[in-house]
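Only one structure is covered here, and it is reproduced in the block below.
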Amino acid sequence: MAEILLTSVINKSVEIAGNLLIQEGKRLYWLKEDIDWLQREMRHIRSYVDNAKAKEAGGDSRVKNLLKDIQELAGDVEDLLDDFLPKIQQSNKFNYCLKRSSFADEFAMEIEKIKRRVVDIDRIRKTYNIIDTDNNNDDCVLLDRRRLFLHADETEIIGLDDDFNMLQAKLLNQDLHYGVVSIVGMPGLGKTTLAKKLYRLIRDQFECSGLVYVSQQPRASEILLDIAKQIGLTEQKMKENLEDNLRSLLKIKRYVILLDDIWDVEIWDDLKLVLPECDSKVGSRMIITSRNSNVGRYIGGESSLHALQPLESEKSFELFTKKIFNFDDNNSWANASPDLVNIGRNIVGRCGGIPLAIVVTAGMLRARERTEHAWNRVLESMGHKVQDGCAKVLALSYNDLPIASRPCFLYFGLYPEDHEIRAFDLINMWIAEKFIVVNSGNRREAEDLAEDVLNDLVSRNLIQLAKRTYNGRISSCRIHDLLHSLCVDLAKESNFFHTAHDAFGDPGNVARLRRITFYSDNVMIEFFRSNPKLEKLRVLFCFAKDPSIFSHMAYFDFKLLHTLVVVMSQSFQAYVTIPSKFGNMTCLRYLRLEGNICGKLPNSIVKLTRLETIDIDRRSLIQPPSGVWESKHLRHLCYRDYGQACNSCFSISSFYPNIYSLHPNNLQTLMWIPDKFFEPRLLHRLINLRKLGILGVSNSTVKMLSIFSPVLKALEVLKLSFSSDPSEQIKLSSYPHIAKLHLNVNRTMALNSQSFPPNLIKLTLAYFSVDRYILAVLKTFPKLRKLKMFICKYNEEKMDLSGEANGYSFPQLEVLHIHSPNGLSEVTCTDDVSMPKLKKLLLTGFHCRISLSERLKKLSK
């Protein structure tokens, strides 16, 4: 893992050298020379780390100490850089020349110590004949495979067809005992893939449905809340008495629920008190997956069990072939030599029939040349015992990653098992960690480079795609529990991060912690009460119900912390006092608060001049101070709510940004900023803004957005919430890059073809008054794929989606979503040529009883 620390040091030294050059010019040129020397030496050391690791794996025990020395050196250099940069910046701010000189002298002395250690390491390296492999292209841009996964069948069940047919018949059998099907087997066999395919196929035959990930550390209250939301329990009833109201609703509904990855029977004992038995006359069904047959037997009886087995050799090779070649490639092995085919079969044999091992191996091989030599090297690395195949393959696939991608992959282990992780979060945390840097001459943004890395991880089958965005990009993802365990094990071994369970013990080890994640309230509280020394902590993740994390933080400075993520339970609201010591976290770059958290960010946050991302979840009421605008590095300011909650967050006049304090060049996201605290003329300065959401849009803002030449030329996503009818006509036709538009208007709003961007892909209309004239405009949009109408008022009871006189009617529309319509009783389409690509019609919300024409019935949920 030394290579990860070395990469971090290299990236940080590039940043510091650039800052010194800009800020100090020739005054501290010799410091820049030291930084450049650090960068060169760390690159050199990194170039032979892989060779050293190979020698260690080959049995050369002497190399182990060398790798440990390299890791400690890289860690100390990272500490030095993280400590040095804020001091220089602070002294520059107040023009403390003597203090700055003192810092520089101190830094130079530390560099001399490091130089002596580098000489010793290089001497030992030569003694052990460790060579420079020069195989660490950390700057590679992963574009070739960027879109390979986009059109893949996410429910591929090669080799499981018989299992699928048997389970489908069992689920639809009226005499199914207990109404439960239990899919059991060892990790990696495809239990979840098979269960989700079944669930999605049969759920339309039930009145309501729910899919829940249970995982190793479940919380019954959160599982029940998740089920309640999916089956349509009202928010009021969830707040009043979740358990009783959920049970009452399920008793009268025919439901199907998938509980994925149940580890033990204790959680079922809690859930069954609320979930009614499935063997009633109603005919409800329960699908569970578990690696433990006894769990399935306990829940559904012996007859419920369906044990998955490893794939037979031919089915294994069929899956391997499907993943190696493009999905539309009919030639397959036609152009391959017989020897390459045999090597491929041997590789598949080492995977032991485990689908996860097979697809991960195929993902790794897709990144290599399709030659006998390249594949033989993989085969030789897999060992000779079939039973070791899966573990070997997973570790080998990790080592096959580009060095710059390895810490990005390990980051998935910071989240709990089965957690759905937003791509936005991952990308911006990687950037905050300096895992992703933009080199000189590269015109692409860091976010684009990070997205390439995420695409590559999905393409290699190391990460599972969960959701896509409106334009086919990754919205969220998950990691398989076996790969999650690999992340945790590798991270612990290398001190990359620790989970709370292994953080206790030797105070010396605790003091070395660089990243820590808490999944449990009790463990978190016990840990902080032990008064640990956390001077080196960079990343803190807390997934908890107890809001005391904020009070515990008051006792620590966290001077090197640059990523803070607090995810609170949704089941209750927490009023917190965020300590003023937040202002001491001078290295903080990424802040995310999620859950029902009420409080105020302290004014001391203005000292956090390196903040890049502030992300406040839509359920949180967190007030930002006015000084948040002063961060020169701010890229994303997100408040994910456009209702009263967001208004409350900004109920301070001092939030109004000073046009001269704003640093607009880096800003890419401003989401749900109240118009009254945002001066429209600032829009001209936001030249790199990609996403904008404004609450309470004024006429002056509409006018500014509607001028002939677009003021926001890079804008891709625009969300506007109007509190009253705008007198100005909105015109967005001059914005070619806007692909996603959200308009929230409580009254009638005049719209025509000039009101919309020409390349719109997703459109949401909320609280609109919809008539046939607006509908006629929408039908002509040439690229619109998804249309959502949220609590709209319809002036006519019947909505006809058929083509107009010109023949147009949603030529590219794939999804139409109508939520809680007011005044609409019928949706029809009378011709066969309209909406030729429509795949799904969603009717959701209360009182959504709409009659549909025959064609639309087939597409509705």
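The backbone N, Cα and C atoms fix where each Cβ goes, glycine too.
When the ranges 63-83, 105-125, 630-650, 840-860 are checked against Swiss-Prot, the one recorded as coiled coil is 63-83. DSSP states for the repeat 'LRR 4' (449-472), grouped as helix (H, G, I), strand (E, B) and coil, give 11 helix, 5 strand, 8 coil. Local packing around the binding-site residues Gly185, Pro187 was summarised as the count of other Cβ atoms within 10 Å of each Cβ; on this measure the leading residue is Gly185. Across the residues of the repeat 'LRR 8' (652-680), the predicted structure has a mean pLDDT of 70. Highest local Cβ density among the binding-site residues Met186, Leu189 belongs to Leu189, counted as other Cβ atoms within 10 Å over all protein chains shown. In the three-state DSSP scheme, Met186 (ATP binding site) falls into the coil class. Same-chain residues that are not part of Gly185, Met186, Pro187, Gly188, Leu189, Gly190, Lys191, Thr192 yet have a Cβ within 8 Å of the Cβ center of the ATP site turn out to be Thr289, Arg291, Leu308, Ile354, Pro355, Leu356. Classification of Lys191 (ATP binding site) by DSSP places it within a helix. Summarising the environment of Lys191 (ATP binding site), the number of other Cβ atoms within 10 Å of its Cβ, over all protein chains shown, is 25.
Around the Cβ of Gly190 (ATP binding site), the number of neighbouring Cβ atoms within 10 Å comes to 24. It is Thr192, among the binding-site residues Gly188, Thr192, whose Cβ has the fewest other Cβ atoms within 10 Å in the structure shown.
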